[in-house]
Ligand SMILES: Nc1nc2c(ncn2[C@@H]2O[C@H](COP(=O)(O)OP(=O)(O)OP(=O)(O)O)[C@@H](O)[C@H]2O)c(=O)[nH]1
Ligand SMILES: [Mg+2]
């Protein structure tokens with residue numbers, strides 16, 4: 001059934017690949033609009049959702065229709081009067097803007113951003129993995145398909161897949177399911193011939209027709225010599241990212257910024273490159289209709305965990321990493337052994353606790369991008385098999401060198417703490433195993449593993465712990481009491497205003513530019529529910545986007561107030577501070593508080609940041 | 001000294017994963033051997049290994065990434081011990097090009113299929129061919145039909161497995177990682193078939 005669907009992309013092609021594409025943007029967008037309508041997404045359905053099925057995760061409510069109203073309420077504070085619903089003329093204007101932005105940067109932009117690989121010729125991966133893999137993939141492709149079809153639905157392997165891959169949800173949905181259409185945020189990866197590669201919801205193979213439609217939109221615009229980046233239709237944003245033969249699409253009504261959604265697609269692409277390398281492009285050169293999805297077999301959990309992290313992990317929009325708070329001496333001890341290990345011919349050694357860094361080291365001149373670190377830890381954390389025993393696996397760091405595999409030795413010391421040793425040498429396993437034994441000896445001797453557990457239990461910085469001037473606190477709490485009389489926003493009304501830190505400080509994120517690291521305070525009252533936390537992150541994302549808008553200089557502050565928060569952002573060449581306060585917080589106090597936070601972070605910098613050893617500062 | 005010989009023979013051109021720095025060389029009473037498991041994704045390779053090494057079965061066991069390394073020592077009836085250094089490889093298609101990295105220099109290859117899946121049996125045939133072409137010439141090969149507990153769903157007959165094994169000079173056994181049926185037997189039989197090193201030189 002899957003291979004049958006390959007005919008639909010080509011028929012759509014003929015329908016939309018106009019030999020004389022109109023240059024009139026109006027016509028252009030009408031075609032796009034009709035495509036969107038055929039996707040049933042131009043009118044978001046707001047009918048009360050009887051069919052909404054419970055989702056497994058429970059903690060990720062992108063797909064909860066009930067949130068629609070909330071996120072719209074949030075919007076008020078941020079859009080500054082921008083009309084949310086844009087008609088098509090505006091849409092094409094948007095397109096035009098994006099397209100011209102794009103033109104300023106040649107097509108090679110992505111490649112240019114990446115540091116040239118210092119040792120690209122030295123990779124075993126290029127010979128053994130990338131090159132060899134490419135031809136094998138292709139050769140086996142046809143027979144795989146046949147076997148699959150013959151086996152049909154009774155295929156035990158795929159039954160197991162559903163059972164042992166917690167990542168994939170709603171596999172039985174397709175674009176005809178009402179529940180599928182109501183998901184708030186879809187991600188798709190497809191090939192430029194319209195073959196589905198990945199879909200966040202539903203079975204990729206059942207979405208072949210839908211993929212063909214997306215492909216038709218992209219190629220229609222491309223045939224006109226343009227590039228489609230964003231289409232707005234009602235509440236929906238459709239964001240496109242073209243990476244050679246691979247198309248990535250996000251359809252969202254989550255009220256996130258275009259830049260962030262595009263950044264999410266970039267990370268999704270990076271995750272795919274981490275698993276397969278960019279040499280996958282060659283398969284498409286040889287066979288335009290190449291079916292890539294079998295090559296991502298068993299990785300649904302990796303992608304769904306990444307998508308989930310877009311709503312909880314600030315690293316996904318800050319492009320910085322975070323450390324587990326731990327005593328300076330312990331971090332130093334770990335760093336020293338990791339550096340020794342790197343001196344013995346290991347490219348990167350990382351000691352991690354979940355997605356947080358305990359310490360890391362790199363070989364001389366080797367630099368690890370925070371995004372690579374994010375994708376790497378997401379991959380390891382979401383692939384359960386790493387926890388059963390020590391493993392040796394090819395992985396590619398997209399920012400380091402997207403073309404070649406590295407080889408990663410992964411070992412979990414306990415449920416949370418693990419070491420990753422990365423090398424270019426495919427036969428280095430026993431050496432890496434020895435390195436791990438040496439590292440483990442140091443960890444045992446200095447008792448780091450139990451200190452890590454303690455740090456997890458204690459959590460990171462808390463706004464409640466910030467030292468404050470008593471007199472000022474009194475004044476501040478009287479302000480807050482006032483606030484309670486006038487009434488807070490509905491969703492916070494039941495929680496006493498003014499809890500959290502001093503002067504209504506609820507939360508902050510401090511990002512050190514020089515270190516490429518950030519520290520985020522623990523969530524405290526009243527930002528306790530997952531929904532509130534997610535909404536706060538979305539507010540930060542917008543703040544981040546607006547602060548990083550082009551054409552604005554350094555040394556900036558921004559102060560925003562809406563019914564949910566007072567947000568304060570302060571950007572200097574050294575750091576960025578994002579802080580959320582009670583919506584009724586006093587502005588002068590809030591500014592004072594921000595200074596206090598910065599001071600506090602500086603006081604604790606040896607415990608909360610990895611100092612010196614950072615290979616990112618190259 | 002079996003393992004050493006194999007490693008030496010290959011050390012020139014092929015760089016597999018061989019522990020050249022193995023501290024204790026094997027002797028006639030204490031064998032050690034590198035064993036690789038190959039087979040389609042989902043046939044139960046990891047379950048077989050975890051059953052053998054840890055005595056556990058986890059029905060929700062997770063798809064292997066790259067390859068996992070485990071070791072286990074057993075005592076045979078003639079009081080020799082065999083230390084298995086086991087490479088449990090990932091059956092996912094994208095890793096198949098990497099397989100040589102794991103089977104090079106291996107003294108034992110265990111090729112696993114799922115008796116309920118003819119597709120996985122086809123894949124087993126592919127691995128047999130591949131190893132005959134590229135494996136060590138004196139490699140001990142075993143063919144394993146796993147998930148024998150699912151007999152009511154059986155689609156690959158025992159005779160077919162036996163025939164494939166016989167044709168290729170392999171040892172054949174049907175196992176169940178779930179019930180532990182034949183798991184220890186599999187490794188004991190392999191141990192018995194290992195070439196014994198010549199008396200110490
Ligand atoms: N009934 C039954 N199920 C089994 C048996 N062995 C494994 N399974 C199931 O088969 C599934 C896959 O087993 P794995 O051991 O992970 O398969 P694998 O061959 O290692 O797969 P890859 O790592 O992807 O190559 C698991 O969910 C097990 O529950 C068995 O003997 N009987
Ligand atoms: Mg496995």
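Going from the start of the chain as shown, residues are counted 1 onward.
Using N, Cα and C of the backbone, Cβ positions are placed for all residues, glycine too.
Nobody curates TrEMBL annotations by hand; they come from automatic prediction.
Feature annotation (TrEMBL): of A:410-430, A:431-451, A:452-472, A:473-493, the stretch labelled region 'Disordered' is A:473-493. Using DSSP to sort the residues of the domain 'FUZ/MON1/HPS1 second Longin' (A:345-438) gives these counts of helix, strand and coil: 27 helix, 32 strand, 35 coil. In terms of DSSP secondary structure, the domain 'FUZ/MON1/HPS1 third Longin' (A:504-603) contains 36 helix, 31 strand, 33 coil. Note: the domain 'FUZ/MON1/HPS1 first Longin' (A:185-306) comprises 57 helix, 31 strand, 34 coil (DSSP; helix = H, G, I, strand = E, B).
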